[in-house]
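Here's the structure we're looking at; comments come further down.
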């Protein structure tokens, strides 16, 4: 396995929730000399490498003090999964059950009969205040059991009710402690001090290479942690060559991005403006940078499925291990236009990687990305790109191992184009 592919596997396995993604990226940035800035602090005017975190979102940048436009790579930290309800404890037919519900467009059947851990964030009382602490339990404590085929009403199809059929078992007999008490104990926190929690499940099988030539990667959350990783690696390698390189990682893309730290929020625009103001510029200076700025919305793309080729645009092959994917949609489910497509094509040429072009079938609904939302919010021209994968929104997904390095290289060239 290449260093890039192994690095992605390590990144994913370290990041079971959006909060952990931000923590993983923050640790890598800090190790590379980036300084964390709180949004409530006065930001320094000196050039340098900085980042700020808002809940499950992060923005990082590398400024040399020049007044050039922004070059931005954007991705999202969240992935479809099963999340723990506020009142999770059930006792059903002698089974201790944890009530779960789908987050985003989770492909529910893929979560059945898997060993699941728990991760997320606890909001804990500390004195008169509150601290937000990451929690992660990698023991196989939860499992959503499949119904036996002998009991199914229809053996030819599987229909899952998200209210009734995706709850997890975690024991038998009467409860000795509640599920949230169990999580608090494992986190080393007194249960009475936990004021709130954001908890979700994650698949416990490690990420790794598969296939006869080990040229494929099987992992959870490739959508969209593969893009987060590529963007992080690109920023760490990029130089400001006339542009100001920026990485933005948004939470809540899978549920519409309409939160205080989603792509529809003020997060990106506020940070970009503060970069200019902190350096002594004006709002006029900030606004003048935007028309020549570019944003690459990085989100995974559909590879042509060998078992369902008819579900793809005819004569339109998208392959794994064949380079990044440029995504176009005439009704703006993707933000790409000819201006921004040309910029990314040049970046791929500079990086020496092949470029594929994706268009969705006109008779199928097309998903969207942070691209149209962030572009409309900031006024920055945007291109939608990705890396090819199978099984999008499944508990485990599949991509090409060689695409990791190519994806990162294209992002680096986009952030730091050569004169």
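Just so you know, glycine gets a Cβ as well, placed from its N, Cα and C.
Whatever TrEMBL says is automated annotation, not expert-curated.
Straight from TrEMBL, the features:
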{"type": "BINDING", "residues": "76, 150, 393", "note": "Zn(2+) binding site"}
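Features recorded in TrEMBL, as mapped to the structure shown.
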{"residue": "76", "record": "Zn(2+) binding site", "Cβ within 10 Å": "29"}
{"residue": "150", "record": "Zn(2+) binding site", "Cβ within 10 Å": "6"}
{"residue": "393", "record": "Zn(2+) binding site", "Cβ within 10 Å": "18"}
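In three-state terms derived from DSSP, residue 150 (Zn(2+) binding site) belongs to a helical segment.
Under DSSP, residue 76 (Zn(2+) binding site) is assigned to a strand (E or B) in the three-state scheme.
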